[in-house]
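Novice: Here it is: the structure, laid out below.
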Amino acid sequence: FPPAVFPLSCAVQSYAWGKLGLESEVAKLLASSDPLVQIQPNQPYAELWMGTHPRGDAIIQDNRIPQKTLGQWIADNPACLGVKVKDAFQGHLPFLFKVLSVNTALSIQAHPNKELAAKLHAQFPEHYPDANHKPEMAIALTPFEGLCGFRPVEEIVSFLQSVPELRALIGEVAAEQLERSGSDDPRGVSAALRVCFTRLMKSEKKFFVDQLNMLVKRISQEVAEGKDTSGSNGDLLLRLHSQYPGDIGCFTIYFLNLVRLEPGEAMFLGANEPHAYLHGDCVECMACSDNTVRAGLTPKFIDVLTLCEMLNYTPAPSSSKIFPAAQSQLDPSVYLYDPPVPDFTIMRIEIPSSIKLYLVSAVESASILLVIQGTAVGTSTAAASEMTLRRGSVLFISANESISLHLSSPDGMLLFRACCLL
């Protein structure tokens, strides 16, 4: 295959939950990378897709390869993926790399494992369009909030005792069962948790809307009186209800951990892990799939029964949901996020201002490189010419190819690189 390092023009997705105009990191990256782009102040710039997904295949910006998408080029040149990746993933790029800018909550959801994905795709292809799993990782670019995994049982029990509207939905029998479940019996805890969460999510609509309205009214009055509403998770409840009034997903904040990430911190969302993104900007990488099972805080198709059956009901503290990055022993500028799935690995590359020439090393996998901060001129024997890299630039790098960066910014550079390290 021809040696290949080339710039990409990537698809932008404009979902309603995205940040508007230049409040969005996606829009800022677009505007920085191409001064001719007109950013619309009232348009939500939700996602930047960097990969070969058919709904947002990147366009190659290289005069050697006219009018081709990245997906078409890889199909013609599968060896660019690297031998192991090409064989393991049938000649397809195994990941989709994204930037997300989240303004309002983004659905209570989970992703199926491969077995369940195949089953759902066979039964309901209109809702589950492929047979692949969809593990994903989010790395914060700005302070980022999400829900992830079930809270420790003592936290859930505390809410059951301080939020009578929640207890009414779950029922006294199920609530008491969870309160009695001992920490020395993990299977009993998980079983009780499953019963409580399923009863909540399958509540009759009129009943849960009435209870939610009562709860919102009560907390609003307490806020007006200057009372502390943290025992009812009041601030978050009111925020979600203002975004999705009358939605059962508002109650999930009493079951799921609120996870706050600082820039550079990450969450990994494996199969069957309940989660939702609430606010902030992140880099995200996932297996190349569209399979999402949703049950609230979304206008999209919801599948409560499947979600409740598939979830991992193992309680754990919010701190355990932060996925650590490991500094490379070979290159101190590289921090590796290596999740327990084969589909992708992410590198955060922080080049200090003292370094003026930096080598983006070759790896045995095709990769996609995103510039978040800084400017440089990139050179490679596999590129058509010198490449000017600035904030928002995106490059495709074939397996076993490297790039030399000649830095021109006084503050160094921040890059993210998605690849597949089998």
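Including glycine, each Cβ sits where the backbone N, Cα and C put it.
What TrEMBL says about a protein is an automatic prediction, not a curated fact.
Taken from TrEMBL, the feature domain 'Phosphomannose isomerase type I catalytic' applies to 5-153. Summarising the annotation, TrEMBL assigns Zn(2+) binding site to GLN109, HIS111, GLU136, HIS275. According to TrEMBL, the feature domain 'Phosphomannose isomerase type I helical insertion' maps to 169-256. Residues or ranges marked as active site by TrEMBL: ARG294. TrEMBL lists 336-376 with the feature domain 'Phosphomannose isomerase type I C-terminal'.
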Novice: How far is it from GLN109 (Zn(2+) binding site) to ARG294 (active site), counting Cα to Cα, in Å?
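Specialist: GLN109 (Zn(2+) binding site) to ARG294 (active site), Cα-Cα distance: 4 Å.
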Novice: Only counting partners 6 or more residues apart, tell me which same-chain residues put their Cβ under 8 Å from the Cβ of HIS275 (Zn(2+) binding site).
Specialist: ILE108, GLN109, ALA110, GLY146, LEU147, CYS148, GLY149, LEU256, MET267, LEU269
Novice: Including all protein chains displayed, how many Cβ atoms other than that of the residue listed as 'active site' lie within 10 Å of its Cβ?
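Specialist: Other Cβ atoms within 10 Å of the residue listed as 'active site': 22.
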Novice: Which residues in the same chain, at least 6 apart in sequence, have a Cβ under 8 Å from the Cβ of HIS111 (Zn(2+) binding site)?
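Specialist: Looking at Cβ-Cβ distances below 8 Å from HIS111 (Zn(2+) binding site), excluding near sequence neighbours, one finds HIS133, LYS134, PRO135, GLU136, LEU269, ALA271, ASN272, GLU273, SER289, ASN291, THR292, VAL293.
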Novice: Give me the sequence-ordered set of same-chain residues, not including GLN109, HIS111, GLU136, HIS275, with a C-beta within 8 angstroms of the centroid of the Zn(2+) site's C-beta atoms.
Specialist: ALA110, LYS134, LEU269, GLU273, THR292
Novice: Run through the Cβ atoms and count how many others sit within 10 Å of the one on GLN109 (Zn(2+) binding site).
Specialist: 25
